[in-house]
Amino acid sequence: MADYLVRAIGAGGNVRAFAAVTTALTEEARRRHDTWPVATAALGRALTGTALLAATLKDPNESLTLRVAGDGPLRGILCDADEQGHVRGYVTEPHVDLEPAARGKLNVGAAVGTGMLYVTRQLALQGIYTGSSELVSGEIAEDLAYYLTRSEQTPSAVGLGVRVGPDGAVVAAGGYMVQLLPATPDADRDRLEENLGRLGSVSLAVEQGMTPEEILSVVLTGIDYQILERRDLSFPCRCSRERALGAIALLDETELSGLVEEGRGAELTCHFCNAVYRFSPEEVLQVQRGMKDKQ
């Protein structure tokens, strides 16, 4: 199944619901960053949560960044996404191994630790807005739900899951987000709570072959709703050799001269996708000459 999300509205416009399958992009992140299982689970949940949050963006030029700043051994997670379904991210320390939590689950909460969650929206008309809240569990889904309720004043339920196989590869990943407006009837609130309990593990649902539409059909059982959009999801990266060369041009004259004189050239690694760009001393010298010509 290809990765995608769906966006729906229900209960007379009082309920907004989103569901996504993110197995392929989470596996791509695992492959690029060589993450160990608990880091894979944490990064996959963060990528999925970022994709769901970005589904609220309305302009092709808008983007959203999620930063999980915890004091656990993962040392933080950073993800971003745009309105077109492009999602990317990385974990600071990909090689973390912890004892499993209860029932043998990967201990994402301990790996993330305590700290803060930051969401930055770059909007077409309103500019840049950053909200934040404390991490309540480090499990990502609970932290996002708390953030949305506390910082954005939108009561929300969030479910995120990643199932990792014995070989470390991603078997299934996905999630949902349900947001309630103030006028949501109490009966619909109760029904949603019951439905979410019936859905259970979202990663198990994806592993069993449920599509985003089918996940929403369970979450919104008994509530009139309409699917408004389907959005493909992928893990591309905007880095390029040209952008890396531009980063070298930001070095000062002394640093550039040192790279040329030592004959080492330069090497840059993209944090988001782990791509490595290498430049010879001659290429660095050309950058240096170009800077002098502009002076």
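For all residues, glycine too, the Cβ spot is worked out from N, Cα and C.
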CYS79, CYS239 - which one Swiss-Prot pairs with CYS237 by disulfide: CYS239
Alpha-carbon spacing, CYS237 (disulfide bond) to CYS273 (disulfide bond), which is rounded to whole Å: 6
